[in-house]
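Structure record follows, encoded as structure tokens.
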Amino acid sequence: MADWQKAHGRLQRDVAGNRTVPYAGADAMTRPRQAQSPLSAADKAAALALTPVSRETEARLDAYVDLLVQWQTKTNLIASSTLPQLWTRHIADSLQLLALAPQAKRWADFGSGGGFPGVVLACALADVEGARIDLVERNAKKAAFLREAVRITGTPGVIHPMDIGDYVDRLDGRIDCVTARALAPLQVLLGFAEPLVKQGAKALLLKGQDVEAELTEATKYWNIEPRLHSSRTGGQGWIVELDRIERRDRPPTKQAWRRA
């Protein structure tokens, strides 16, 4: 049994916040009702306790989160059911990657979607000289959201509205760390990450409860020495850390995979 299989297990942690709203009186029935925020202050506090950030970074994250909630009403950026746990489930889940690559300045985030982890990392690294986060997203609406998120937060994110393969082929310069979250099967992700890892990048790939099955399948096509990190946010999340990716005889074709 491989080391990563021995290390595989589950962490469960529930983070919830409850709030009591006082009765406002009968005349409140006639007043326009303001939309209630789907976010939880307790969830934010729990996330920042897990992954502390500076006040400047927190302010940038607040601006990003507000924008995401606005856009979520018209563009499906994340599962709406996860909004009450947005800070722990998405923000903290992204921030924890920084501890695994503390010296990395140039990042490439494949399939950035709603900005996890790419925009979150950009918010955290905005004050680091020379930092740059490439956000690769071919969906036009999501790329437009990412562009606006980078603009209002003033972060060092660069939007690449193209397929991942095209980005890798055109890449100029060295990447320190490549990331992907909720994107594609591991054996496919390795094909995209391989050229960057061969040039010295570290791969940090966020996976869910099926990580063991994905690793088993991936090792049919790739020689890898993965290190598994259970998510600091609890639940069934895992981070697959890789410093080496080598092809076997029959790697899966990237063309066989199409992102929804």
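Keep in mind that glycine also has a Cβ here, set from the backbone N, Cα and C atoms.
Keep in mind the model is a prediction, meaning the values are calculated, not measured.
Here Swiss-Prot flags Gly111, Phe116, Arg181 as S-adenosyl-L-methionine binding site.
Residues near Arg181 (S-adenosyl-L-methionine binding site) in space but far in sequence (CB under 8 A, at least 6 apart, same chain), listed by position: Asp93, Ser94, Gly111, Gly113, Phe116, Pro117, Leu205, Leu206. Sequence-ordered, the extra residues of this chain that approach the S-adenosyl-L-methionine site, with Cβ no more than 8 Å from the Cβ center of Gly111, Phe116, Arg181, are Asp109, Phe110, Ser112, Gly113, Gly114, Gly115, Pro117, Gly118, Thr179, Ala180, Ala182, Leu183, Leu206. The maximum pairwise C-alpha distance among Gly111, Phe116, Arg181, the residues recorded as binding S-adenosyl-L-methionine, is 9 Å. All protein chains included, Phe116 (S-adenosyl-L-methionine binding site) registers 23 other Cβ atoms within 10 Å of its own Cβ.
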